[in-house]
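To start, the structure itself, in structure tokens.
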Amino acid sequence: MPDLVGYLYAMNWYGFVLFLGHSCPQAFCFAMGWPRSLLAALWALWAMEATALRLGAFNIQSFGDNKVSDPDCGSVIAQILAGYDIVLVQEVRDPDLSAVSLLMEQINRESKHEYSFVSSKPLGRDQYKEMYLFVYRKDAVSVISTYQYPDPEDAFSREPFVVKFSAPSSGELSLLALTLLPSTAAKELVLIPLHAAPHQAVAEIDALYDVYLDVIDKWNTDDMVFLGDFNADCKYVKAQDWVSIRLRSSEVFKWLIPDSADTTVGNSDCAYDRIVVSGAHLPKSLKAQSASVHNFQEEFGLDQTQALAISDHFPVEVTFKSH
């Protein structure tokens with residue numbers, strides 16, 4: 001067997017495993033005498049690094065030109081968003097995308113990876129409208145398809161803008177990986193955003209079940225993530241309301257952010273922001289204990305006034321693994 005330790009010292013470890021995965025044919029590796037178990041372990045380490053997917057949802061209160069151009073707010077927002085592979089931004093009030101364009105410049109300066117975005121049109125029943133914005137890392141995921149939920153019953157103030165993503169790295173695994181590492185990970189995931197109108201939160205969260213059925217009918221997949229500011233707590237959704245919400249009462253769905261969480265920046269204590277998953281593969285891809293509230297106030301050492309200048313909500317997040 002060749003001196004594998006020497007190889008690891010001679011070249012960057014990560015580069016070595018990339019070489020192994022992308023350049024080392026299966027027959028060659030085995031002919032060189034490298035044990036199958038060692039190859040599998042090395043590949044698993046690389047695949048975990050390469051295909052773990054960090055997903056977030058952030059209601060950035062009244063996001064527009066003023067907020068993104070503020071040096072203090074804009075910098076922190078860009079740093080927060082650059083920490084995700086995909087992040088949903090809500091309360092975007094930017095019909096000409098000027099604020100979004102500046103945000104993307106800031107994120108791409110902040111990150112070593114290149115980010116892009118996809119957004120809905122302005123949504124709302126009256127003159128007040130918001131957009132759903134997905135910011136994503138281009139070398140981690142790609143957009144397969146999008147559609148605006150038609151909302152035939154007019155159940156939503158801001159009907160979900162549904163996006164199907166794929167993870168290119170999942171499709172780049174070599175014959176070696178496919179042989180050695182059985183995977184139950186989802187190769188695609190559908191993201192369904194919701195910023196619920198506070199006083200209609202119960203009805204809107206329940207109506208997400210109809211979106212679930214519509215996506216199955218349209219795209220023939222049940223691997224979905226429902227995410228956003230559901231206003232799913234305190235005076236808007238009470239304990240007795242949950243039984244009437246199909247997205248909660250059905251065992252098909254796994255709620256990742258608990259009712260005990262506090263997703264608010266101010267003095268209230270409410271689990272408004274949620275992430276819910278469904279599907280044959282997606283729940284199995286969850287990284288244990290990764291669902292959490294991202295307390296950027298603590299992370300950046302901000303006082304409450306500074307934090308509230310960014311938003312009255314903290315992001316919520318979860319990480320999916322490749323296997």
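Cβ atoms are placed via backbone N, Cα and C, with glycine included.
TrEMBL tags one of the stretches 12-31, 32-51 as transmembrane segment, and that stretch is 12-31.
Here Cys270 is paired by TrEMBL through a disulfide bond, and of Cys73, Cys234 its partner is Cys234.
Glu130 (active site) and Cys234 (disulfide bond) are 23 Å apart (CA-CA, integer value). Rounded to a whole number, the C-alpha distance linking Glu130 (active site) with His195 (active site) is 9 angstrom.
For Cys270 (disulfide bond) paired with His195 (active site), the C-alpha to C-alpha distance reads 15 Å. DSSP assigns Glu130 (active site) to a strand segment in the three-state reduction.
For the domain 'Endonuclease/exonuclease/phosphatase' (57-313), the mean pLDDT of the prediction comes to 93.
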